[in-house]
Amino acid sequence: MRLIFMGSPDFSVPVLEALHAHHEVVCVYCQPPRPAGRGKKDRPTPVQTRAEELGLPVRHPTSLRTPEAQAEFAALGAEAAVVVAYGLILPQPILDAPERGCLNIHASLLPRWRGAAPIHRAILAGDAETGICIMQMEAGLDTGPVLMCEKTHIGPEETVQDLHDRLSDMGARLILGALGALDDLVPCPQPDAGVTYAEKIAKAEAGIDWTRPAAEIDRQIRGLSPFPGAWTLLNGERVKLLRCRQAEGQGAPGAVLPGLTIACGTGAVEITLAQREGKRPMEPEEFLRGFPLPEGSRAHTA
């Protein structure tokens, strides 16, 4: 099938690779290069980098609302466009241009977690499961009818990065199935009940309040890992906590217990991966070797 691909971050790359292997990708649309790193040099998106490695033409318009951009898009003569974490709103002329419309790969069980951060929000909310939906796009935010859906369990120690990688691979597999069965799929309108929105993650959500229950702090650490990274102050230094599990232990909220376990309002969490500023992530034994925490140490955020 003759396709346009529209995506930008790492999550989109496996989908691009799968489509390139099985279909004709006539053009790749992604966000333009932006300043990044210490030198603030323009850095292309992961999708642009991979598309160029594959020899695919790349476009990164700052808007798709101009008549010129819409004419260029339509002139590609694609049968369908596949969209995954692209980063721009698609106006109606773009949605209407491909013969079979635009298909979106969304990382949640719609209508739950429409919007920008569905993977983070599913873990933060303590959802038992999530999944991938292939959706026929329309003008609303993730409101289109669902063509195909697959569920997956969220593991008790799974982080955003873990789930991100699994769902990315699932999306690549599912879109191939959807494209192959497009003539037979029946669009299923999303129900009005159960709609929730996955707002962008704010950095203010990352500071840990140790008076909260262990179950909530466990979800906060896993649901913000690796970015922006839940953090606490230890010995006056900000430390990111990247992996954890709920554990037994008693003490005042924030008390550091043996083995880098920290007491919460109720229960405790065992930190299994931590990162000091300017350092790489470390497991507890290595972390404590270079950053000993004397008996009576406390974790806090202010």
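Using the three backbone atoms N, Cα and C, a Cβ is placed for every residue, glycine included.
Of the candidate ranges 141-167, 276-302, Swiss-Prot annotates residues 276-302 with the feature region 'Disordered'. Secondary structure counts, DSSP: the region 'Disordered' (276-302) has 7 helix, 5 strand, 15 coil. All protein chains shown were included, and the count of other CB atoms within 10 Å of the CB of L109 ((6S)-5,6,7,8-tetrahydrofolate binding site) stands at 21. Around L110 ((6S)-5,6,7,8-tetrahydrofolate binding site), the C-beta neighbours below 8 angstroms that are at least 6 residues distant in the chain are C133, M135, D142, V146, C149, Q190.
Apart from the site residues S108, L109, L110, P111, the chain places the Cβ of H106, R112, W113, R114, P118, G131, C133, D142, V146, Q190, G194 no farther than 8 Å from the centroid of the site's Cβ atoms, the recorded (6S)-5,6,7,8-tetrahydrofolate location.
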